[in-house]
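Look at TrEMBL and you will find B:24-45, B:57-74, B:101-123, B:130-149, B:177-201, B:222-243, B:249-269, B:276-296, B:302-320 tagged as transmembrane segment.
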Ligand SMILES: Nc1ncnc2c1ncn2[C@@H]1O[C@H](COP(=O)(O)OP(=O)(O)OP(=O)(O)O)[C@@H](O)[C@H]1O
Ligand SMILES: Nc1ncnc2c1ncn2[C@@H]1O[C@H](COP(=O)(O)OP(=O)(O)OP(=O)(O)O)[C@@H](O)[C@H]1O
Ligand SMILES: [Mg+2]
Ligand SMILES: [Mg+2]
């Protein structure tokens with residue numbers, strides 16, 4: 001039987017091209033993405049420029065990095081909505097430490113430390129104490145945001161030392177073309193896609209999300225797998241937060257408001273099921289890209305925000321509805 | 001684990017619907033809060049404050065009744081906040097145009113009911129997960145309301161009856177509280193004692209089994225969405241009356257408050273489990289925390305932190321209690 | 001003088017009436033001068049604001065106008081704009097590294113409204129002023145307004161006190177909710193100050209819902225953003241003072257500054273747009289209303305004098 | 001390394017018990033599931049574990065698998081006392097369990113499920129997907145199991161999933177293999193296959209625990225039988241010392257006079273259900289038949305013949321392409337379960353967990369679901385009469401449950417099945433379709449269900465019974481319809497039907 005190393009969610013290398021096409025929802029997403037790009041390329045003459053396309057990639061990368069983490073948590077059968085506040089919270093240690101030490105590395109370390117703590121708390125509450133993860137992370141979403149407001153007194157903390165390396169991280173471009181955030185996002189996406197497909201940890205995540213009881217019977221430490229997923233998600237959101245802080249040049253207390261909705265919508269649009277065990281990181285990334293290009297293109301058409309919201313809403317319904325319909329076909 | 005699905009009655013024990021022990025944690029928490037706050041700030045127990053709390057609970061409770069039904073049936077509606085704002089604008093606008101409170105109210109209910117119907121159809125016909133479907137509806141409504149009106153719709157009709165809906169009193173009790181109480185009572189009886197209520201639990205617990213047993217699962221879910229929509233309409237009307245304007249910006253984060261209260265009340269996100277009495281307790285706890293922070297003159301930013309902690313804590317205590325019960 | 005072909009405006013929050021009217025003023029002025037203004041909305045999202053500005057720069061606008069979601073959060077953007085020689089006019093609040101700013105003086109606005117409120121209190125409220133501030137600590141601008149108001153009112157009523165200092169979120173339902181709780185806790189208040197119209201109206205509605213009479217109450221709103229305050233002044237007996245900030249004028253001024261920058265002329269780093277308190281139906285001098293449309297009376301507004309310098313700015317808050 | 005798994009492990013001494021469980025006790029809230037149970041397994045022997053539904057068999061096995069902790073007693077493996085705290089412990093000690101409920105990840109491929117417990121890896125630590133597929137294929141070839149290792153597990157019929165589970169237990173070295181009702185949904189051919197595999201295992205010195213309600217199988221394959229009743233150890237004897245009757249007596253404490261009672265005397269009545277030219281997009285092709293009031297119409301077919309599809313199509317659960325279904329002369333709307341149910345047809349499904357049980361809800365809610373509207377006045381449920389109706393069914397069917405409020409997930413499989421059957425019988429029906437009604441049910445309960453089916457038919461119900469059990473088919477049916485590949489190939493009267501004729505028609 002011809003077997004190609006496939007990166008599909010279920011890890012199935014199905015026989016027959018037709019079946020592969022119908023099985024793998026990414027194809028549908030790629031088509032949708034191309035359709036969006038084609039539409040705006042025809043509708044606006046400033047859309048299809050290298051500068052604009054790379055802009056969008058850079059803008060999408062924040063949601064993409066956090067989206068990879070959220071998708072992993074979804075696949076494990078849990079949810080994580082705390083990322084919206086976390087991206088704002090991690091900027092505080094980052095900027096504060098940088099201001100104090102003039103060291104980007106120490107700042108990043110401090111941010112990652114906070115991200116790690118949040119991941120541990122989420123994971124401990126959800127995986128080990130068994131508190132529903134939506135409740136847990138909704139709780140940490142509120143707590144972190146409130147904490148940020150309390151700590152900053154509802155003011156941004158400016159970056160006083162203005163390290164060039166920090167500025168470049170979120171604003172610079174490789175060869176003046178590809179934004180660094182986009183490079184980081186794609187690198188992380190590839191690494192975690194590999195992990196999810198080719199390392200036992202990844203398969204455990206799918207198994208735990210697909211059927212936790214079975215996973216337990218197969219000798220997996222279900223709690224630890226889920227715990228780890230929360231930590232991964234928080235650390236990736238921290239990376240998003242660091243890049244965001246660089247783009248904003250400060251720790252902004254209102255940064256990332258509603259970011260969790262954006263990420264969840266994109267991840268679900270990308271075919272990652274909320275009920276666990278299903279979906280792929282590439283799908284999630286495609287979901288992010290579709291929404292980013294949509295937002296950029298609608299802006300190019302000079303459509304008011306209200307139209308952008310309405311159109312995006314209908315497109316989400318249409319896209320997910322089509323995906324569901326396709327899935328139901330025999 | 002014990003059952004806390006439908007409030008189960010023990011054999012031979014006569015009907016005492018409130019003795020479901022899954023709510024003990026919340027009742028305890030509520031008691032601790034009330035005692036704690038009133039020790040620190042005696043004004044907490046003033047009639048004025050009690051009424052202020054009740055009125056604030058009213059809006060959330062009205063929508064939470066529908067949300068509980070939806071969650072029991074295994075679905076969720078995140079568009080209620082956006083719909084609340086839109087409905088308020090519609091209510092005020094139509095009342096302005098027609099000079100009739102009745103027509104204004106009907107328009108509000110028709111609008112929000114239609115939003116519920118739309119959500120229900122998208123979820124049951126297109127089979128889209130309701131979390132994502134209603135996020136989309138939320139976006140559509142947020143955009144739509146600004147297409148409908150840029151500015152707050154002002155009260156030009158100056159009808160007293162309209163103002164009374166939100167700001168009026170019957171004796172010492174605000175009218176919204178009475179409306180909420182009636183809706184809660186009807187909702188409670190519906191969910192607990194009627195066929196419809198029992199069917200919602202079945203649909204949420206196992207959709208296929210319910211369908212095989214002859215239940216029209218899709219229709220039941222649709223109905224739950226429409227009920228939630230209509231209740232949003234009632235809340236939107238009250239809000240427009242209270243604000244004396246239809247505010248397109250209102251209702252931000254309202255959906256999270258409602259869902260948090262319902263979940264805090266012990267309703268499962270997975271469907272098939274939950275009670276309205278729990279929801280009532282959940283609403284009370286959240287709103288008393290909110291009020292307490294202002295009464296105690298704490299930093300208002302704590303209004304985000306404390307509810308977060310309370311929700312996690314209450315859920316955890318509930319898990320611990322059930323584990324002990326199971327011994 | 002050369003005219004730019006296209007000016008891009010990244011607005012903080014386009015769905016807000018204030019910015020609607022700022023945009024209106026910009027479009028009016030640009031139309032007079034014969035060019036186009038394109039608007040992108042950050043919708044209160046700092047990251048989206050950067051993205052929108054990036055998009056404008058790659059689209060090739062001639063000048064950018066920006067109302068920052070957060071002042072600190074646009075510093076890198078200004079740096080990148082400088083690298084690409086993109087002139088930027090800021091609206092709202094000063095930012096490190098900016099060229100020029102068009103702004104009202106928030107402190108002054110509150111201060112002058114406070115002085116009028118003090119006079120009113122002396123005349124009608126028995127010389128007592130117990131203030132409920134429906135504020136918004138989130139933004140330095142709104143904190144300045146509240147501070148200015150209290151300082152102003154004290155010039156007339158030295159023992160004026162702030163009974164409640166609330167965070168109404170700048171929106172009406174939240175303002176209503178916190179005001180209701182605060183009034184229940186301590187209802188001994190006779191002045192309600194709102195940092196914008198939504199806040200003052202939310203406070204007033206809470207007052208009414210608590211069943212209190214408006215006889216000995218003064219409500220002071222800020223902004224004069226749309227129709228809401230006009231409606232309130234016409235219909236609510238206690239709503240007497242509105243601190244007008246003329247958003248249309250702000251837009252007007254920003255466009256003029258953009259043209260100057262485009263022509264590489266000298267511009268002051270801080271261009272003040274005028275504000276003034278309006279008492280009773282004093283609004284009719286500046287605005288006329290027809291149905292749901294209000295029209296600005298440019299002659300009257302352009303005649304309002306702006307100070308050269310603000311009494312206090314956000315920089316003073318940080319001290 | 002995996003290729004060698006099926007050779008004799010020299011390290012296993014044949015005279016030391018592979019496993020000795022002593023005085024095992026386990027209680028659940030309101031239930032004593034196990035009370036001082038002993039179990040000793042010898043290497044290379046098949047030890048059958050028998051008992052009524054709810055006797056405690058699965059609980060004992062789950063303790064052995066590290067799923068539940070025991071309350072009391074000791075466990076020794078290969079003579080060494082050990083604790084089995086987690087499934088992982090048990091796996092490490094060489095205990096492989098095929099659980100009663102299928103325990104596979106449906107989204108994974110068959111091959112991946114086989115190696116779920118331990119993925120073969122490459123030198124760099126990444127998963128060796130090629131090895132996995134190749135070894136799964138090799139394993140299947142060795143045990144003569146024809147299934148595509150690359151198929152998505154959830155797409156397979158239940159019986160094949162069960163075979164995958166069994167194959168999985170063989171993928172790694174094991175000292176003890178436990179099978180909890182492995183044949184509950186296997187066809188006779190697959191059962192034969194399984195027995196070949198079990199004999200291979202014992203030849204390698206592996207101890208096998210075999211749980212089944214099928215007496216014939218137990219007599220054929222096992223060396224020793226342990227019987228449990230109500231959580232207590234009743235007897236352990238070599239199989240040779242048992243007869244059918246003595247085994248049943250040990251299990252249920254009484255004798256069963258006649259497993260297939262026939263009290264019906266009258267002939268079948270008028271046509272209750274008629275199906276004409278039924279086809280679906282997926283499997284069924286032009287199926288036509290009639291079922292009469294008062295008769296039991298048995299359906300036989302090999303795995304995948306389409307019986308389950310037929311059952312779901314007649315009750316309006318699945319869409320159909322063409323065809324006409326009438327009940328008592330009234331045509332059903334296609335794809336509309338509600339009118340079907342209200343006209344008096346109900347389906348007891350094959351897949352309890354997925355389509356029948358509301359796991360978290362109590363027994364009462366589960367049982368009364370279909371009949372609930374009959375307890376309602378003006379939309380309000382009269383819970384008093386609901387409860388007494390449920391209670392009477394619990395008593396009649398001897399459903400073992402501590403209370404009506406017990407979540408049904410805590411009941412044993414057989415008891416769950418009884419609750420689901422009662423769900424339909426509470427509601428007046430004209431036609432009942434039962435798909436594998438005795439899957440996982442003990443002899444005692446089986447005879448009760450048979451008696452019930454007989455009585456229902458006697459009362460004028462048309463019973464359509466899809467079953468893979470030849471004795472029960474021949475014993476109960478008035479007529480037998482045979483399906484093959486979605487078509488109805490033959491119909492026999494009770495007198496005409498023989499095993500050969502039926503099997504011939506099923507293969508056609
Ligand atoms: N998790 C649980 N919680 C509460 N009670 C349980 C639980 N699991 C099993 N029981 C009870 O323990 C008893 C033994 O159940 P068990 O599943 O071991 O029976 P069994 O012999 O395997 O029956 P069957 O032949 O029907 O599979 C039953 O009364 C059952 O209701
Ligand atoms: N060999 C096969 N490979 C894959 N899928 C199959 C195969 N045979 C049947 N199926 C599928 O499995 C399901 C089982 O078929 P169905 O239940 O209708 O048959 P049945 O006669 O009821 O058999 P069973 O004895 O398994 O109940 C159907 O959905 C069918 O499409
Ligand atoms: Mg069992
Ligand atoms: Mg079948």
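Cβ atoms are placed via backbone N, Cα and C, with glycine included.
Note that the structure is predicted; figures quoted are calculated from it, not measured.
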Residues of the parent chain within Cβ reach of the transmembrane segment (B:130-149), under 8 Å, 6 or more residues beyond its termini: 70, 75-79, 81-83, 85-86, 89-90, 93, 115, 118-119, 122-123, 246, 248, 255
Cβ pairs under 8 Å between the transmembrane segment (B:302-320) and the transmembrane segment (B:249-269), at least three: yes
Selection from B:24-45, B:101-123, B:177-201, the stretch that has most Cβ pairs under 8 A to the transmembrane segment (B:249-269): B:24-45
Leading contact stretch, B:57-74, B:101-123, B:177-201, B:222-243, B:276-296 vs the transmembrane segment (B:24-45) - CB distance under 8 Å: B:276-296
Cβ contacts the transmembrane segment (B:276-296)/the transmembrane segment (B:101-123), at least three under 8 Å, sequence gap 6 or more: no
Residues of the parent chain within Cβ reach of the transmembrane segment (B:57-74), under 8 Å, 6 or more residues beyond its termini: 80, 84, 130, 174, 176-177, 179-180, 183-184, 187, 190-191, 197, 200-201, 203-205, 207, 220-221, 224-225, 227-232, 234-235, 238-239, 254, 257-259, 261-263, 265, 267-276, 279-280, 282-284, 286-287
